[in-house]
Amino acid sequence: MSRKRFLGNAAILIATEVLVKVLGIVITVLIARFLGVEQFGLLAFAYATSEMFLIVFDFGFDRMAVRDVARKPQRASRFLVNISVIKGGLYLPAALCCMLFVSLRGQDHGSLFVIMLAFLAVAAQRHMWFICSLFRAGQIMMREGQVRFVFASCSFMLSVVLLLLHFGLKEILFARLAALTLSIGLALYFAKRDLGLRWVRPDKRYAKRLLVRGIPFALMVICINLNMFLPTVALGMFQGDAAAGIYAAGLKLVEPFGMLPEAMSWAILPALSLAWGRSEAEFSSTLHDGLRYLSLLSLPLAVGILFVGRDAVVLIFGQEYLKSAAVLSLLALSLVPDYMNSLFSSMLMSMNRERTALRVSAAGAACTLIACVGLIPAFGPAGAAAACLISESLMFVVLVRLLHKSLRLGPLLACMGRIAVATAVMAGALVLMDSLGWNLFVRVPLAMAVYAAALVFVVREVSTHEVRTGIDMLASRLPGKLRRSEP
């Protein structure tokens, strides 16, 4: 896969993630403001608990499909049918386990019904993601973008209308299920038309082989997602819905940026899988490009959020969520190791080293659990955020030690040093603008402009040729009518 194609696919996935997350944040803020911290905390707990149990039975089929179907596209139909049957069979025990777990919390019937609706929504959304993984394997990311945009926009519009009509969580979750049903139907239509998928009979032996092969992926995905959802679940169980709501507010503000490395990792996985064993130079070059682009994103994001996080929390969620500022700052610091860890995991999978990735992810999940137990009783939501930072940092150190021979550390460290200088220039600009009392809506775009200028003209990490190439590449990905209308 050429660098231009990899970057084009990554750009589409990132644009999709940003658009979907922006709509998600807006509706999250509306729910938090309209329904209050208790109801918002219940929704956050419901989603986190549902995710925690569904990942146990999800078997990481998405990543396995991207890697294997990218190598042999003719497997797509058998993958879709057999894995869909497996998922359907596994979701029932997952639902029973989820119900038993939340019953220990002493939920009333109304809250229990909300949690089970959230479970159905998460299960449907995970199946939509699985179908979209076939588009990633076929490197037609535009289809995934269209499917997810339909889901996000329909869910957003329905939820806004329901909130304005003073409906509650149950009705919002029913609307989300309706949007997911529509989006899954659209995804299946695109898959049949563009990937040539057809109905095949489920094969017990093939399904069993998929289950066995999926075990390392499943355990790795479980560990990765435990790092994400365990703090919210622990806060909801031991400190109540309000504490979970405070943590969720900070998490929701940083979550859209956390999706950027996931998009980059999904885009680079088929490229690394094809290059592994074929060309060491191509593999190393693709990996270095991915790490460079993630560094360009993660360092300024982490520093920028530290400077504007408090104002952003108050502006978006209100004074009721002021304690979320500390959560946001700690989670912002975890962005840098999280970005790198995501790409390192894709690197290990492309090298057929799933078991190594599993061991590292398991160590990270154990670290998160231990840190949550030690920090949450004393520091509450901020302790949960600190647990995530500690876990991601330790995983980063371990992965660098494991992969240092393939990372070309010298050029990478030099690149990160130049990016750090540009980030420091941006931080200085933020300090100056804050001392002048400038509005948040002025500070953020100006800081972005200062950082971009520093990259191009001060440290020269990004050339003007790269900027022009990026603009041309994005323009080439626009639909035909939009492209023709450009001046």
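Backbone N, Cα and C define each Cβ position, glycine as well.
Annotated features in TrEMBL:
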TRANSMEM  12-34  transmembrane segment
TRANSMEM  40-59  transmembrane segment
TRANSMEM  79-104  transmembrane segment
TRANSMEM  110-135  transmembrane segment
TRANSMEM  147-167  transmembrane segment
TRANSMEM  173-190  transmembrane segment
TRANSMEM  210-230  transmembrane segment
TRANSMEM  291-309  transmembrane segment
TRANSMEM  356-376  transmembrane segment
TRANSMEM  382-400  transmembrane segment
TRANSMEM  412-432  transmembrane segment
TRANSMEM  438-459  transmembrane segment
Contact set of the transmembrane segment (412-432) with the rest of its chain, CB cutoff 8 A exclusive, min separation 6+ beyond the ends, reads 288, 291-292, 295-296, 299-300, 303-304, 307-308, 443, 446-448, 450-451, 454-455, 458-461
Test of understanding: applying the rule of at least three C-beta pairs under 8 Å (pairs 6 or more apart in sequence), is the transmembrane segment (12-34) touching the transmembrane segment (110-135)? no
Restricting to the same chain and to residues at least six past its boundaries, which positions have a Cβ under 8 Å from a Cβ of the transmembrane segment (79-104)? 49-50, 53-54, 56-59, 61, 65, 68-69, 112, 115-116, 119, 123, 126-127, 130-131, 134, 191, 197, 199-203, 206-207, 210-211
In the same chain, residues at least 6 away from the ends of the transmembrane segment (12-34) whose Cβ sits under 8 Å of its Cβ atoms read 40, 43, 136, 141-142, 144-145, 148-149, 151-153, 155-156, 159-160, 163, 169, 172, 245, 249, 252-253, 255-256, 259-260, 262-264, 266-267, 316-318, 321, 477
In terms of Cβ proximity under 8 Å, which residues at least six beyond the ends of the transmembrane segment (356-376) contact it? 216, 219-220, 222-224, 226-227, 230-231, 234-235, 238-239, 341, 345, 348-349, 383-384, 386-388, 390-392, 394-395, 398-399, 402
